[in-house]
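Engineer: Copying in the features that TrEMBL gives for the protein in this structure:
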BINDING   THR274  Mg(2+) binding site
BINDING   ASN366, LYS367, LYS368, ASP369, ALA427  GTP binding site
REGION    190-209  region 'Disordered'
Amino acid sequence: MHDIIASKAQVSIPWEAAAPPFRHGADDDNLARSFEESLRISKEIDEQLLESKKAMEKKKKSVQILLLGQSESGKSSVLRNFHLAFAPKHFESERLAWKIIIQLNLIGSIKLILDVLQHEWDTSGDAEPKSPLNRDLRRIRLGLSPLLFIEQTLAQLISPGTHNHRDVCVRPGSNWKAIFKARAEVNFEDTSENGKRRRSQNHLGKDTDATSVLAASKDDILVLWNDPDVRAVLKRRGVRMEETPGFFLNDIDRIADPNYVPSDADIMRARVRTLGVEEHYFVIEKGLDVGSEVYITDVGGSRSQRPRWIPYFEDVQTIVFLAPLTFNQALEEDPDVNRLEDSLMLWREICRNKLLAGATLILFFNKKDVLASTLAAGVKVKKYVPSYGELPNEVASVTKYFCDKFRTYHRKLSPLPRPFMFHETSAIDTNSMGALLLGIRETILRAYLQQGEMI
């Protein structure tokens, strides 16, 4: 019995085995580093979540405005007018950045003319054009080629992959204003007293500076634009340059000047197409509500981008909806759809949306200047809007007709009673828009306060 017990005592039990001597190896170092990296990443995520929460709380305590309307309705021009009326210092700080956009708008018009002329001559089969301009076209195109290169280079810089678009396009987050502003400031101040140019440290160089090239090309541009044969070709092809957004060909003498600085009106007329949703932030600089923070969200108005509107409806206080009075124009993305009819359809959906039941709606019948010039040219409303019938072909009658249609949808479809507020506007008119925005300032701030927030 004693032997049995002794033999049991000698049995080696696995979990009681002596631990091998500790040896510090590479695997342990990797494990420690991996653990430290995980802690660092976790800490960064926590900090980002905290910052996002703070930013969200800050935004909830600010004035929030949503700009809605179809593409080319004038939303961006209204946004600039908000800056000019409420934050003039902020507006002034971006003036030189807009100079480059205006130059690009001008170059885009030149490019369009050259493309139309080339297409005309390619399809005419006339191997020996008789117009003196036609014979000089090769020289003019060659002389203007640096401008076309500049346009393509800048377009690729601020919005890669969109260089074939006829408008200046920017993507949210591209920081194009900062890039252009820095370059414009360098160009504006880069001549010292002794006449030597300082070296630019910006993304843009001389190969993307349109100022000097425009000045050198001014005569050729004037010849191209003022030639009666060119005007005839454009008219025959249905290209109405004066009606296109960002049209500056009648201002070549000013814009091609090396010392050109954009006026307020120039900036309002400048054309930039935002591809996506862009949020703008500024602080009110004057008035009783000075110091109030404002967030204005500008969403793309093309049909492909409208499904992205919904996430921005939640908690919105004020919607400024733009309906351009261009009754004789169709959507760019669908030539069978009338612009005003499309605006009416959009307004109907906005009014009936339950997420927006508590939002203040402000309707801008924009481009009243375009409406006046269209009617003055003899264009009949009933040709494009058959239901208009034999009503007077006058501005007041046309505006009242469409206003009644918008008011009807507003009254019938709104989930909760709310006042119908509308204004006839021309977003490129800084004087009238400034007075209007200051006038509706109280309405916007009242909507802000009604949501239980204090300024």
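Keep in mind that glycine also has a Cβ here, set from the backbone N, Cα and C atoms.
All annotation found in TrEMBL is predicted automatically rather than curated by experts.
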Engineer: With a radius of 8 angstroms around the mean position of the C-beta atoms of ASN366, LYS367, LYS368, ASP369, ALA427, what other residues of the same chain does the GTP site pick up?
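Structural biologist: These residues sit around the GTP site: GLY74, PRO324, LEU325, PHE365, VAL370, LEU371, GLU424, THR425, SER426, ILE428, ASP429.
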Engineer: Which has the fewest other Cβ atoms within 10 Å: LYS367, LYS368, the binding-site residues listed?
Structural biologist: LYS368
Engineer: At its widest, how many Å does the recorded GTP site span between Cα atoms of ASN366, LYS367, LYS368, ASP369, ALA427?
Structural biologist: 9
Engineer: Within 10 Å of each Cβ, count the other Cβ atoms, then let me know which of the binding-site residues THR274, ASN366 comes out lowest.
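Structural biologist: So among THR274, ASN366, the binding-site residues given, the one with the fewest Cβ atoms within 10 Å is THR274.
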Engineer: Please work out which residue of ASP369, ALA427 has the most C-beta neighbours within 10 angstroms of its C-beta, and give that one of the binding-site residues.
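Structural biologist: Per the Cβ count within 10 Å, the most buried is ALA427.
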Engineer: Could you measure between THR274 (Mg(2+) binding site) and LYS367 (GTP binding site) for me? Cα positions, answer in whole angstrom.
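Structural biologist: Distance (Cα to Cα, whole Å): 20 Å.
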